[in-house]
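Notes for the one structure printed next.
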Amino acid sequence: MREIVHIQGGQCGNQIGAKFWEVISDEHGIDPTGTYHGDSDLQLERINVYYNEATGGRYVPRAVLMDLEPGTMDSVRAGPFGQLFRPDNFVFGQSGAGNNWAKGHYTEGAELIDSVLDVVRKEAEGCDCLQGFQITHSLGGGTGSGMGTLLISKVREEYPDRIMATFSVVPSPKVSDTVVEPYNATLSVHQLVENADEVMCIDNEALYDICFRTLKLTTPTYGDLNHLVSAGISGVTCCLRFPGQLNSDLRKLAVNLIPFPRLHFFMTGFAPLTSRGSQQYRALTVPELTQQMFDAKNMMCASDPRHGRYLTASALFRGRMSTKEVDEQMLNVQNKNSSYFVEWIPNNIKSSVCDIPPKGLKMAVTFLGNSTAIQEMFKRVGEQFTAMFRRKAFLHWYTGEGMDEMEFTEAESNMNDLVSEYQQYQDATAEDEEEMDEEQME
C-alpha cells in the first residue's frame, strides 16, 4: 500500500506531530499501547499507510522524531501516546540549536543528521510502496527550520522520486517568539522552494484567530492550535487511509495543485470549525461546508485569499454525501466568485470524497488552496528580514557557525523572486498569454 513516513523536528514539529498521532490513532481505533480497539474493519483496511504492524498485533507509527535537545521529546514520551512510538526512532542531541538556523543546518544538526537518516532509511525500507514523506516543523526556530531543511535535502537526494510534503509553521506577523525569526524563515523558504514538493503553510496568529473568533476559546493553548493543525493534516491523507468515491493522494494533490514548480506553497483550511461544545446542535450541509471552507477566516495562515487569486484549489471532503452535490457546489463557487480564480486554468478546483468523517462529525472538509495571496506572507517575512539584514543585526550568530553573508543575500533574492512570480500570475489574464506566445515566437 501507499505508505507515508512521518518526520517531526524541533519543538514545534514534535508538538504538532504528537497531537497528529493522537488524532490519527483515534480515527483508526488504536489505543496508547498500540492495540486496536476499533469498531469497523475500515479502520484496519489501510492502516499500514501510517502504521507498521509489529509482533503481537501492535501498531507502531512510521514516525521519526528528531530534535537537538531532549526536552520536547521527553514530554512527547511522557504524553498520552508516548509509548506508541518505537523507542529507536527518537533521535536527539543535547546542545540545542538556540533558535539559530546555522546551528541546525550546518553545525549541531549536521552532526546528528546521519543518525536521523538511518532511522528514516529503516522506516522507508519497511514500506511496500513508499508514497512519500511528510514533515512537521516550524520555520522560525533553529532545529525545525535549519535541521528540518537539511533533512529534506538529504532525503530528496536519496529518494528523488518520492513526494516530500511539509507542514510548515511560518512566523506570524503579531505573535513572535524570537527576534531572528525572519532570518530563519527566509533561509528555510530558500530551501523549501528548491527541495519540497508541497508546503502547507500554517501560522500561529491565524490559528489564534480561529480559536478566539470561531471556536470562542478565551485562552487558547498550543494544544488547541495543534489540534486544528492535525485536523488539517489528517484530512489531507484521509483518502489514502479510508475508502472513498473520489480518491486523492499526495502525488495527485501535487499534480492538481502545482501549475509551476516553484509555486508549491498552499494555504490550508478546515471546516466545520465549531467550538467543542456546540458541535451536536447543527447538521451541516455540503453548501454550508463549501461556504465556510472558502471563508478567509478559516485559513490557517495569515494571508487573505481575497487579496489574490486562486491558481488552483483542492477540497477533500469526508463523510457520507453525494459526489454530484460536491461537484455542483464546486462549480457554483467558481462561477459566483470567478474573479478570484485565474481564468487561464479552467475547472481549477479538484475535489475528493472520502466516506469516513473525522471523530465526532458527520461531514468535514479540508481545503488546500494555491493562491497568489500567499505572497503577503513572504513579503512580510522578507521586509522584516531586509530591515535587520541591512544593518547586519544578529549576523554574527550565523557567520560564527561558518555561514557566509552571500547565503543570506541569495535567500533574500530567492524569496523576492517567489513573490514576483506569484504577482506575475496574479496579474496574468488569458489575453496576456497570447501576447506572450507571440513575443516568444519572434
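Glycine residues also receive a Cβ, built from the backbone N, Cα and C atoms like all the rest.
Among the ranges 25-46, 421-442, the one that Swiss-Prot lists as region 'Disordered' is 421-442. Record check: Swiss-Prot places Q11, E69, S138, G142, T143, G144, N226 at the GTP site, and the matching candidate among N48, N89, N204, N247 is N204. Neighbour counts of Cβ atoms within 10 Å were compared for the binding-site residues G142, G144, and the top value is held by G144. Close to N204 (GTP binding site) in the fold, though at least 6 residues off in sequence, lie V169, S172, V175, L225, each with a CB less than 8 Å from its CB. For Q11 (GTP binding site), the same-chain residues 6+ apart in sequence whose C-beta sits under 8 angstroms from its C-beta are D67, G71, T72, S138, G141, T143, G144. The binding-site residues S138, T143 differ in how many other CB atoms lie within 10 Å of their CB, and the one with the most is T143. Sequence-distant contacts (6 or more apart, same chain, Cβ under 8 Å) of E69 (GTP binding site) comprise F92, G93, Q94, S95, G96, A97, T143. S138 (GTP binding site) carries a strand DSSP state (E or B).
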